[in-house]
Amino acid sequence: MAEHAYILAFDTANEVVAVGLGRIDAASRDDVATLRRPCALSDIAAVREVEAHRASNTVLLSLVDDVLDEAGVSKDMIAAVVCGRGPGSFTGVRICMATAKGAASALEVPLFGVSTLDAVAWNAWAQGLRGRVLVAADAMRKEVYPVLFDIAEAGVSRLTADAVVKAVDAPAWAAGALQALGESADACRFDAVLGDGLVKYADIFEPLGAVADESLWAVSGRGLLLAERLGADPATLLPVYTRLSDAEENERIRLAKEDGGKNLRTGVQLFEGSQDAAPIDYRPLDAAHAADVARLEQMTMGSDAWKASLVADELPRKDRTWWAAFDGPVLVGYCGGWVVDGQVQILKIATDPAYRRRGIAAELIALVASDARNLGATEMSLEVRASNAGAQTFYERMGLANIGTRPHYYSDREDATIMSGPLPEARRDVAGMRLHVDDVAGGTDACETASHPLILAIESSCDETAASIVDGTGALLSDVVASQIDFHSRFGGVVPEIASRKHIEAICGVCDECLESAARSLGVRGLRWRDLDAVAVTYAPGLVGALVVGVAFAKGAAWGADLPLIAVNHLEGHLYANKIATPDIQPPMVVSLVSGGHTMLVHVRDWGDYVTMGSTIDDAVGEAFDKVAKALGLGYPGGPIISKLAAKGDPKAIDFPRALMHSGDLRFSLSGLKTAVTTYIQKEQQAGRELDMPNIAASFQQAVVDVQVKKAMAALDETGAREFCVGGGVSANPGLRAAYEKACKKRGVRLSMPPLSACGDQAAMIALVAHDRYKQGKFADWSLDVKAHAPLDEAY
Ligand code: KG4
Ligand code: ZN
């Protein structure tokens, strides 16, 4: 057996889960270049396809195990993992890719991506179909993903790049594609049409060619093994989307209008002190700033400068992406790209001469590249003046190469050098985010003497991608957080689709850094997945599409390293975060959980035994902070901004309502308070008075704090508990913390609070829960799924 090695491929982009196991020559096992070539395949060992109906996350890994069993292959014989990149259901593709990233990382083998549609075509090739073929996959919302292929005896060649079109426009798209290939589009008929787009749109596709047998419509294990592979590094492989998120699409439409340029400013950074002295703001370019672009064009481009109208004309186009850099209100740079045939062409890039050498151009290119990738591009090209050696070096460092010259391209007849190459990766630490890394313990133990179990925990329930490692004593060895807040703040809240996309971009980088950071804490050279004893992950509650990335990745990694899997409830994590500062807290106690999504008082009768005593009947506390900040025009997230302002104001200045203060129960209501604040603001503005922001913030915050403290004390009375603790983003609020200190002291109740960095979402808290679960022997299996809601009271 040992003379063979295998490639494991799977895909869950659509309704079918497909798995394939291919045998390769063992000699090519360690040669990535050879592995990338499909011809390295000497045999197909086993394949499996099942209908999954949106349950791919629960069946994928057991199906993989079945396939390995059938072929009698063990995991150490896997030389590479291959996963379908879509296009398909966004969540479906992310499940597949996150699992594959986890598995490849833990197995320490390369990860390749294949186009799901190429795999469909290759399967058809294997089944003997030949000729010019149109594959159309269902893209939901009355759209399809069409691709043209030529299938010959020798194999499959792809004729068009990934695209998404309205199903009714597919015939026109096909005619256009033929024309672009220099062929007659008159009789637009193909040798075969296939793909799951035909399920709903048979009437549209039937006139375009012979409908292939239905068994050829879906992706198969065989097709996945045969299709062209790209990539190698688990960290950098990304799904094919072909569209931006709806929030971004809508923003585009809004910003293209002259008066739509009211962008929210980025809020206070999560980790104070980490921000640059005078941060530059990056936002999509809007029509209101077209004139500023024209002004900079004049300054930097001479007679090749674009006029404002030309710039404004670009903005509403679906295949364009334009970003701008601002210093306060002043536009200091911009970059525009045009996505066509899988390539983004940089139309314009410039920075104000006074702002050069600050990395602005690179940041703008990264933002355009990121959009372009989401729109289906894989390459970038641009023109640069032949004499501009500095710029050429800059682009070379980005991975672009000189591929030719356009003679007399500029109006002064200077030549343009054409440069092109793969899309540059996101800058900063991972996925355009700055990592917050804590190497926690400072031990010098060698790994063999590290206290086991070592558990790596992952958190991805909202907009933080986080990982942390805890040792057998409950000490944290590393704590890494990538906050996506910069990508959401301009929308005034977390955009679920953007959150999911960022998680899949960041998850490998965050976990790699977590392992390295734990190794530093242990004083060892490196820590590998297989040195761990378990992998833990938040499975609920939270955003389903975000949770799924962490869960699929954790499952893949646990599977790859043969480790047990531990599922953790996010809310229990916030409770356990109190152990970071106070390791000896003991139930019975009361915990107040206050975040952007939750407001509740919980009786902790024992670890794992929780009774929710009361919660909010409308908005969560953090939500109220966010909404009030929005009403005051202060940006997102509101909590940190309001609490800073409140420190300068008079909490008694305005008498805002304290809802349910005397209700005699432990329910909360915050929507009335939010309305009272917005009404107050309107009245003041109508009366022509200037808003006293600090007083509004302080009075609002005091109204929140009064109710929180009153009810918390009532919960302590009701339970007789002598310990009180807090958790969730709002528990970082200084006013609330001070009020609890006072109230608990007065009562002789011990108060524990997480450190400020552990109030919001991170994975250290998940690791601490997992530490207990491991001791109890409570493990999850490969069918673990995510849940949007999961009350703490339910045992899991
Ligand atoms: O726990 P978290 O990071 O994420 C959720 O699970 O929601 O909480 C985020 C929430 C946001 O609504 C934010 O405005 C709020 O916590 N927050 C604060 C403060 N810091 C964050 N609210 C009040 N005062 C703060 N200092
Ligand atoms: Zn949370």
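Placed from the backbone N, Cα and C atoms, the Cβ positions cover glycine too.
What TrEMBL records for the substrate site is LEU593, VAL594, SER595, GLY596, GLY597, ASP626, GLY639, and among ASN374, ASN388, ASN402, ASN733 the residue it adds there is ASN733.
Among ASP412, ASP761, ASP772, only ASP761 appears in TrEMBL as part of the Fe cation site alongside HIS570, HIS574. In this structure, the binding-site residues that sit close to ligand 1, with a C-beta under 6 angstroms from any of its atoms, are GLY597, GLY639, chosen from LEU593, GLY597, GLY639. Along the domain 'N-acetyltransferase' (280-424), the predicted structure has mean pLDDT 92. Between the alpha carbons (Cα) of ASN733 (substrate binding site) and ASP761 (Fe cation binding site) lies a span of roughly 15 Å.
SER595, ASP761 are the binding-site residues among SER595, ASP626, ASP761 whose C-beta comes within less than 6 Å of an atom of ligand 2, given in sequence order. Within 10 Å of the Cα of LEU593 (substrate binding site), the following binding-site residues from the list HIS570, HIS574, ASP761 place their own Cα: HIS574.
Most buried of the binding-site residues LEU593, VAL594, judged by other Cβ atoms within 10 Å, is VAL594. Whole-number maximum of the Cα to Cα distances across the substrate-binding residues LEU593, VAL594, SER595, GLY596, GLY597, ASP626, GLY639, ASN733: 17 angstrom.
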